[in-house]
Amino acid sequence: MAKKNAQIPSKPLEQGIVPPHSLEAEQSVLGGILIHPAHWDSISDMLIADDFYLAAHRVIFQEMENLLRQGKPIDLINLYEFLREKNLSEDVGGFAYLAELSKNTPSVSNIVSYAAIVRDRAILRDLISVSNDVAQSCYTTKGMEVKDILDEAERKVFAISEKRTTSNEGPQNICAILEKTIDRIELLSKTEGHNGITGVSTGFDALDKKTAGLQPSDLIIVAARPSMGKTTFAMNLCENAALKSDKPVLVFSLEMPAEQIMMRSLASLSRVDQTKIRTGQGLDQSDWSKIGSTMGLFANKPNLYIDDSSGLTPTELRSRARRVYRENGGLSLIMVDYLQLMRAPGFADNRTLEIAEISRSLKALAKELEVPVIALSQLNRTLENRADKRPVNSDLRESGSIEQDADLIMFIYRDEVYNENSEDKGVAEIIIGKQRNGPIGRVRLAFRGQFSRFDNLAEQRDIRDDY
């Protein structure tokens, strides 16, 4: 059954202007259901009662839904008696109007087309209503900053879109699903060179074997305590995707300026000590040659976008991601550093609900654009009090919603951070705490902090040879 979405405001439109509507389409939808009640299932996912312009039509549609909820069939007599018992029959024109709806419906077989007309007119009215709200906010700001008014306007427009967007076509017969599945398997089996990687390669062999790559529409959480290297690890994933994929990578760096991110990437790909790059001191001819080679890689394939705006809202981030997506015909990967630095207007008094809204919006973005979204996250300090300081899912700060929304959760643990005499110096564990469509477990990587780089554990070759 269709449900009303309370996010869409119900405001009166400007007086003297008739809002978009089609009484004929509304009558044909209602009449079609009365003539052939089975058609309810064809249109109930498309419409809600508030989509009807005429008040009587809203009542009729709502009471049809209520009839079905009580397990009663929809027909002329049942509906009329149901309305009469609630003292609503006269509000809809009585039995005569219901009979007229049944009599004057042009073609029951076209009911889906009529429903689409009703839905589209309702969307136009929603847009007009939101526009009026925005105009009113602009005339009387009530102390709001322009940035907040703009964010609220975009949120309301997106709410209309989100209300109407469905992620699938409803129930499908297993034969149709099986056919698509076999086609997908056959395509993968005939594609050479993917080595079982069905998503965006991480650049790390052992991790790719565990995950089959970073999958489209997945929300991927990378979490660690400070100094473990979560930004370095996430940027390594982005660098690999940017240089190997046909479509660009978009990085939202809410904590670090774009130039610092770029310095880290130069150190990572050039294998030049990042302290030399950061200070400009001690660089020899060999270092400059390596840096020049890396710059050539980016010049030949400028596939990395960095937005270092701080305090982004989900609406702002989504808008910017859509723009880059549209301008480039797609994206291969989105990374957010880090989730807790985002803000969601309207949730200032409840941090848990704010994080839930941010997490939900990032997952929605991944599904909308069909792109893997990596979000870095902080961990609770309480794990520092344990003997085994390897993170688990419950260590995620404001963990409930993040853990629920994530498709893949990866923690970074380096024993040498806690144990000065560790036998695993220069080794990092990538702990897969959750994987919706794959195994959990651990992967060991080499950590080369001076280069701002993680590597396959036994790897000593020059990574630039890959690109």
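Cβ coordinates are placed from backbone N, Cα and C, and glycine is handled just like the others.
The domain 'SF4 helicase' annotation in Swiss-Prot covers 193-461 and rests on sequence analysis.
According to Swiss-Prot, the ATP binding site annotation covers ALA224, ARG225, PRO226, SER227, MET228, GLY229, LYS230, THR231. Under 8 Å, Cβ to Cβ, and six or more positions away along its own chain, ARG225 (ATP binding site) finds LEU379, LEU383, GLU384, LYS389, PRO391, VAL417.
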**OP:** Select the most exposed residue of SER227, THR231, where exposure means the fewest other Cβ atoms within 10 Å, treating these as the binding-site residues.
**Re:** SER227
Subject >> Of ALA224, PRO226, MET228, GLY229, LYS230 (the binding-site residues), the residue whose Cβ has the fewest other Cβ atoms within 10 Å >> reply: PRO226
Original post:
Given the model, what does the mean pLDDT over the domain 'SF4 helicase' (193-461) come out as?
Top reply: 87
